[in-house]
Amino acid sequence: MSGTRASNDRPPSAGGGKRGRLQHEAATSGSRVTVVLGAQWGDEGKGKVVDLLATDADVVSRCQGGNNAGHTVVVDGKEYDFHLLPSGIINPKAVSFIGNGVVVHLPGLFEEAEKNEKKGLKDWEKRLVISDRAHLVFDFHQAVDGLQEVQRQAQEGKKFKNLARQHQSMFPSLEVDVEGQLKRLKGFAERIRPMVRDGVYFMYEALHGPPKKILVEGANAALLDIDFGTYPFVTSSNCTVGGVCTGLGIPPQNIGEVYGVVKAYTTRVGIGAFPTEQINEIGDLLQSRGHEWGVTTGRKRRCGWLDLMILRYAHMVNGFTALALTKLDILDALDEIKVGVAYKLGGKRIPYFPANQEILQKVEVEYETLPGWKADTTGARKWEDLPPQAQSYIRFVENHVGVAVKWVGVGKSRDSMIQLF
C-alpha cells in the first residue's frame, strides 16, 4: 500500500527492545529443577538416585503422593525407610520441601521421623518445609482405602466430624474415634505449625533467588499415574512429569533434567496386567535375590523380565533426559537374560502401550535373548569393572529406548551407583 506503512513494518519503538528483553528473561529466568521419576510400577530405587543427587542439593522436594510411597536409602551401613519425608532429608545442608500435591498423614509423618531418628536422622524438623496448600489425610481415610481394597478382590471441629460421618455412612463397618483423633491431631498441629509456609512463594524464591540446585523426588511411578498408568490399578496422583508443575506450583520452563529410574528387570505389587511376568523359577529367583517385598505394604512383589515397551511408553510421557538402571547385580546368576522388546496382538506388532487392561492381558511379548555374565558385579565401581555382557545389556537398553543410561546400580549402598557420564 502506497503512502501507508503496514503495522508489522513499523520501526521498533523505544519500548520494543525492552519488550524483547522481558520476553527473553521470562522464558529463561530462574533455576531449573532436576526431576527423578519412576519408569515402571514403582520400587525402582528412586530413593537411592535421589540420595546420590541430594548430597549437593540445596532443596529436595516431594510433589505428589503421600505415605503410600516407599523409598529405602542406605548410608554408612544404615538403612533408612522414607514414605512421606523426602529422601533428601538425610542431607543436613539441604531444605526438604513437601509440596501442595502431597497428601500429609500427620501421625505417619511423625512416626516415620521418630523411626529414622533412632537410626541417626537429626534435626529434621529444622530443615523441613510443608506447603500450606498440601491436604491432610486422616486415619479413617486409610481405613476406607483398606475396605475398598478388600471389596475390589482433615481438618478439625465440624468439618472433621462431618467428613468422618460421611465416610461412616458410606462404610457402616468403619469405626472412628472422632474426639480421640481430634485431640491427637491438635497436638500434631502445634508441632507442625513452624514448618508450614506458602509453598508457591517458597518455590518461586528458590527458583528466582540466588542460584540453587533443586531436586524433585517423584513418588510411585509412570504406570501408577492416575491418567497414564494401568488403570484402574493406579494411585490417586500424577506420578509423571506434569505432576511436578501442579504439585509444586512451578512453570514448565523451570524443569531441567528428567531422570527416569528403571530396574534391570520388572516388578509389580498387587493385581493387574503384567506382560513379562515370570510365574516360574526365574520369577522366584528374581524375587529372592532382589528381596522383592514392598517397603510400604510388605507385600511380595511379582517379578518378570525387563519390558522395554513400558520403558518407551514412560519416555513418551516424561521425556527422560537420562536413565538410572538399578539392581543390575540381581541378574548376575542368570545364564541368559530375556528382554521384552515388542507387543503383538493377533500376530501383529503394535507400536503403542495399550490403555485397555483387557487388551494388555492379551498381548504376546516378543523377546530378545541376551547372554548372561555369571559374575559378581557388586564390587564394580566404574564402567570398566562390569563384564562385557553386562555392558552389552546396558547398551541394548539404551539403543532400544533412545535414552542414555547415566547410572548403573549394583548394590544397596550409595557408592554402588556407577556413574557413566
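Every residue gets a Cβ built from N, Cα and C, even glycine.
What TrEMBL records for Asp43 is active site, proton acceptor.
The active site, proton donor annotation in TrEMBL covers His71.
A sphere of 10 angstroms centred on the C-beta of Leu328 (GTP binding site) encloses 25 other C-beta atoms. The feature GTP binding site is assigned by TrEMBL to 42-48, 70-72, Arg301, 327-329, 409-411.
Sequence-distant contacts of Gly45 (GTP binding site), defined as residues of its own chain at least six apart whose C-beta falls under 8 angstroms from its C-beta, comprise Val261, Lys263, Ala324, Thr326, Lys327, Gly409. The annotation IMP binding site is assigned in TrEMBL to Asp43, Glu44, Gly45, Lys46, Asn68, Ala69, Gly70, His71, Asn220, Thr235, Arg299.
Residues or ranges marked as Mg(2+) binding site by TrEMBL: Asp43, Gly70.
Spatially close to Gly298 (substrate binding site) yet at least six residues away along the chain is no residue at all, judged by Cβ distances under 8 angstroms. Per TrEMBL, the feature substrate binding site maps to Val295, Thr296, Thr297, Gly298, Arg299, Lys300, Arg301.
Positions annotated as region 'Disordered' by TrEMBL: 1-29.
Looking only at the recorded positions Asp43, Asn68, Asn220, Lys300, Arg301, the one with its C-alpha closest to Val410 (GTP binding site) is Asp43. The two recorded residues, Lys48 (GTP binding site) and Asn220 (IMP binding site), show a Cα separation of 14 Å. For the recorded positions Asp43, Asn68, Thr72, the greatest number of Cβ atoms within 10 Å around a candidate Cβ is found at Asp43.
Taking only the Cα positions, the spacing between Gly42 (GTP binding site) and Arg301 (substrate binding site) is 10 angstrom.
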